[in-house]
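A.B. asks: Okay, here's the structure, questions in a sec.
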Amino acid sequence: MSSSFFLKPGAKGTKKRKNPAATTKGKPLKKGGKSGKSAPATSGPVPKKQRRPKEEDEEIASDDEEYNSDLGGDGNTLAFSADEGEEETPQDKRLRLAKQYLSEIEKQEAERAEDRELAQSVEQRLQTEYLDSVGKLRRNIAGSLKACESSGILKHKLHHTPICALALSPDGKFLYTGAKSQFLLKWCTETGKVLEKSDVLSHREEPETGKKRRSHVISICLSSDMKYLALAEGGPHIQIWCPQTMKHIKTLKGHRDSVAGLVFRKGTHDLYSAAKDRSVKIWSLDEMAYVESLFGHQTAVTSIDALSRERAITAGGSDCSLRIWKITEESQLIYNGHKDSIECVKYINDEHFVSGGMDGAIGLWSALKKKPICTTQLAHGVGENGVANWITAIAVVVNTDLVATGSCDGCVRLWQTNPNARKMQLIQSISIAGFINGLAFNADGSKLFVATGQEHRLGRWWRLKEAKNQVVVVDVKLQSAASS
C-alpha cells in the first residue's frame, strides 16, 4: 500500500519525499492503476489527513502591524508621531524641561508657604491658649476705640420696674434680664425683641411649692455651654433653669441669707455663690449638689467673679476687703484699699482685677500686691448732697485693657487700664440717665449692654424720675486691635 509524507506546519529544512508508486516516468497513474487519461488534480476528495491545516491558509501578521494595533492606529499615524518628536530641537527640549522644573519649584514653594502659615497659626493659637490658661493673656484694644453711640433700646411692659441684672450668652445672640417686677426675659440681640411667651419667666411663685413671694431678680449667670442658668431672686435659694427651654431644673438650698452674687467657672458647671450670710459656697451642677463653703469675710459678701482657674474673687462689702479664694489650696489672699463698702469686683485676667465701692473710687489691682497699684478717686464725681457717687456696676472685656463703670451720675465711663504703667485713663463717657444697675460686654468688646433704672437694684434710697427702666445697647467702634 502506498503512503505519502507531508511537512509539518512551520517546519524548516525538510524536503517532501516523492511516492514512487504514485508516478511512472513523470506521468500520473490512472484511477485503479490502469493506463489512460489522467484525472484532474482537483477531482476526487482529498484524504482527510492530507488536508492543509486552517492556520496555514491565514496570513501571519508582522511585528510592525502588532505594534501599530497596540498604539490604536495604523502605520501612518506612527510615522507622523515619530516625525513630530524628531522636529523638537535641543533648544526647545531644554526650554520645555526648564519650564517643567520651574513649575515644580513653584508648586513646592506654595506648599511650603501653606505649611508655614499653618504652623504659625497653630503656634499662635497654642501660645494664646497657654497665656489664657495661666492668666497672662492680654490684648490692647482700648487705644483703638474710635467712638461710642447708642444703637438701640430694649424695653418691655413686663419690665416696668428698674432692671436689676443682666447676662449675655457667650455667642452674644441672647440677653437675659431681670427686674424688680419678678420677671426674667430672654431677648434676641439681633432683633431686639422677646420673641415668644416661653421666653418670659414669672417668679411670682415658687417653682416647686407654688408659694407666693415678693422677691425680685438680684443676679443672673450662664454656663459657658448654655446648659444652665442660675438665678438669685432676693432670697437664700438659687434657682437653676434651662436657658434654651426656659424650664425649671433645680432649687439649690444652703445659704441662710439673701444671695447677692453668682458666677460659673469658665468652661465648667461649677457654680460659685456669695450671700449676705458672709459665706461663699461652691456647687456642682453636674451632680446638682453642694460641695463646700468658704468663710472669711466679716460682713455680707456683695460681689463675686471667677475665670477658668479654680479661684474666685469676692468683695466683702463693709469690711472693705477683697479676697481671692484658692480653692484647691484651701487658702485665701486678702486685699485692702477702699475707704468704704466695696460693691463690685471684676477680673481683668488671672493676674489683675478692678473694684469699685461707695467711696466713689475705682481700684486697679495686681494679685501679687496687697494694695491697689492704681486708684482713681471720685471716678463718677460728687452728687448734689456732696457725697461721692458710688460705683454700682463694672464690666470688663476679659484679657484686654478695656473697662466700663457705671453710677448714678447719668453716664457710663470707659477706661483704659495699664498695670505696667500703674494708671487708669478715661477714654470715653456715654450719657445714659438713671442708676446703672448692670453692665455686660460681648466677647470682642464691640457692644455694651447697659441695664438702667430709676432706683438702685438693692434698695429705694432715692429715685431718679427722669430715668427709664430699660436696657441700652451701645456700639463700641474699635479699630483692629493689636495683641501685646
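A Cβ is built for glycine as well, from the same backbone N, Cα and C atoms used for every other residue.
Where the annotation comes from TrEMBL, it is an automatic prediction and has not been curated.
What TrEMBL lists as coiled coil is 98-125. Positions annotated as compositional bias 'Acidic residues' by TrEMBL: 56-68. The feature region 'Disordered' is assigned by TrEMBL to 1-93. TrEMBL lists 252-293, 294-335, 335-366, 384-425 with the feature repeat 'WD'.
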A.B. asks: Taking a Cβ cut-off under 8 Å, which residues six or more beyond the ends of the repeat 'WD' (294-335) line up next to it in the same chain?
C.D. replies: 132-133, 135, 257, 260-267, 270, 272-282, 341-347, 349-350, 353, 355, 357, 365, 367, 370-372, 398
A.B. asks: For the repeat 'WD' (335-366), what does DSSP give as the number of helix, strand and coil residues?
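C.D. replies: When I sort the residues of the repeat 'WD' (335-366) into the three classes, I find 0 helix, 19 strand, 13 coil.
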A.B. asks: Could you pull the average pLDDT for the repeat 'WD' (384-425)?
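C.D. replies: Reported value for the repeat 'WD' (384-425) is a mean pLDDT of 92.
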A.B. asks: Just to be sure I understand, if DSSP states are collapsed into helix, strand and coil, how many residues of the repeat 'WD' (252-293) fall in each?
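C.D. replies: DSSP classes over the repeat 'WD' (252-293) add up to 0 helix, 24 strand, 18 coil.
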A.B. asks: For the repeat 'WD' (384-425), what does DSSP give as the number of helix, strand and coil residues?
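C.D. replies: Residue counts for the repeat 'WD' (384-425) by secondary structure: 0 helix, 22 strand, 20 coil.
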